[in-house]
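According to Swiss-Prot, the feature active site maps to His108, an assignment based on sequence analysis. Under the heading Mg(2+) 1 binding site, Swiss-Prot lists Asp191, Glu195. Annotation comment: Swiss-Prot describes Asp191, Glu227, Glu231 as Mg(2+) 2 binding site. Per Swiss-Prot, the feature substrate binding site maps to Ser252; the stated evidence is sequence analysis. For 1-182, the entry in Swiss-Prot reads domain 'KARI N-terminal Rossmann', with the evidence type sequence analysis. Among the features that Swiss-Prot reports, domain 'KARI C-terminal knotted' is placed at 183-328, with the record citing sequence analysis.
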Amino acid sequence: MATIYRDKDADLRVLKDKTIAIIGYGNQGHAQGANLKDSGLDVIAADLKDSPAWKRAEKDGLRVMTVPEASKEADFIQILLPDELQPRIYREQIAPYLEEGNILGFSHGFNIHFNQIIPPEYVDVVMVAPKGPGDLVRRQFLEGKGVPCLVAVKQDYSKSAKRIALAYAKGIGGTRAGVLETTFAEETETDLFGEQVDLCGGVTAMIKAAFETMVQAGYQPEIAYFEACHELKLITDLIHEGGLMKMWNSVSNTAEYGGLTRGDRIINEQSREAMWEILEEIQSGKFAREWILESQAGLPVKKALEQQESEHLIEKVGAELRAMMPWLGEKK
């Protein structure tokens, strides 16, 4: 079982004499930067000059500068750029300015684990990864709460890397909820596996297959959409709130019996073998190499598949039905 750290296990004073640079003031960057600032720490933000992100950081009261300027000034450099942009920006705008004893931080381990970023030996390399989107990280912090985080140390030059990472996690509110210790390898591989097998890849493939089956059987596409896609949120919300048993206890007896007796026919031995194959592709670096080449080529496969997805009947039907439900577009 994972080791979990709380507020009492972290000391913000570890970071009091350090300048923290948030590289990339996007979804996570704005939340982490604003939370660290509100925790009394010295924070600077770096993004494209005069971009919306730059202006947002200024509005949040942070000093804003270019990536090279921030890298020169900071002691702790938290890289929160998209995975595919990190290696080039690191090589060109961060690495030349690293000094002995600096800390390189990440919220996802992809580029470190797959050697797209290879830091010098004289810096600490840590990860603090909130398990929630930036808006939630910020909102929970302002309410005096926090979002659980993962913490990992890849390189401990200072012999204080874990203390530093835990202090950072406390600064963004993570220790209020709990911080789970992991490794760069475990975070990266499980994150990719979850995205591909169920959260993004598996669930969308299942939705489309169920929808297509019903339409091919002669049912109206609108009715098929409700059953295959729209009602999924009702189920996932119940699981999210209270686990599998809250969901089973909340649906009808008919739904529970049907699901329990038929589910394994969908996720069968062949499906599980495919999951193992995908996991092995992740662990071996095969997927990483594929994604790196795809990014370098300008994302042709991704763009083609996105176009194909956008033309699926379920998208047309879904758009028409969602127009009948204006509350779906209302901000909470």
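The backbone N, Cα and C atoms fix where each Cβ goes, glycine too.
Here the features listed in Swiss-Prot are placed on the structure.
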residue: His108; record: active site; DSSP (3 states): coil
residue: Asp191; record: Mg(2+) 1 binding site; DSSP (3 states): helix
residue: Glu227; record: Mg(2+) 2 binding site; DSSP (3 states): helix
residue: Ser252; record: substrate binding site; DSSP (3 states): coil
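Taking Cα separation as the measure, His108 (active site) is nearest to Asp191 of the binding-site residues Asp191, Glu195, Glu227, Glu231, Ser252. The closest partner of Glu231 (Mg(2+) 2 binding site) among the binding-site residues, by CA position, is Ser252; the full candidate set was Asp191, Glu195, Ser252. Comparing Glu227 (Mg(2+) 2 binding site) with Ser252 (substrate binding site), their Cα atoms are 15 Å apart once rounded. Residue density at Asp191 (Mg(2+) 1 binding site): 17 other Cβ atoms are found within 10 A of its Cβ, drawing on all protein chains shown. For the domain 'KARI N-terminal Rossmann' (1-182), the model gives a mean pLDDT of 97. Rounded to the nearest whole angstrom, the C-alpha distance between the residue listed as 'substrate binding site' and Glu195 (Mg(2+) 1 binding site) is 29. Residues within less than 8 Å, Cβ to Cβ, of Glu195 (Mg(2+) 1 binding site) and separated from it by at least 6 positions along the same chain comprise Gly201.
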